[in-house]
Amino acid sequence: MKTSMFLTLTGLVLLFVDCYASESEEKEFPKELLSSIFAADSDFKVEERGCLGDKCDYNNGCCSGYVCSRTWKWCVLAGPWRR
């Protein structure tokens, strides 16, 4: 029930945006609006997320909390199960 209401409301909002853009003189308005709505904010990015899966060797260390995998040669999470 909640999902169907959310999808219906989302559909109505998108229909409104589409109708407004078709009446608008600017043809790029929907793209600008949607890109501003879904733009990723750099403040929410965590530095350590970028380290997971990065290529490494023992000379080039990983971020804190990650270690260089001996087998795969990329940064993995450090934990008690790791050697």
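Each residue, glycine too, has its Cβ placed from N, Cα and C.
Taken from Swiss-Prot, the feature signal peptide covers 1-21. Annotation comment: Swiss-Prot describes Cys51-Cys63, Cys56-Cys68, Cys62-Cys75 as disulfide bond.
Shown are the disulfide-bonded residues Cys62, Cys63, Cys68, Cys75; of these, the residue with the fewest other Cβ atoms within 10 Å is Cys63. DSSP assigns Cys63 (disulfide bond) to coil in the three-state reduction, outside any helix or strand.
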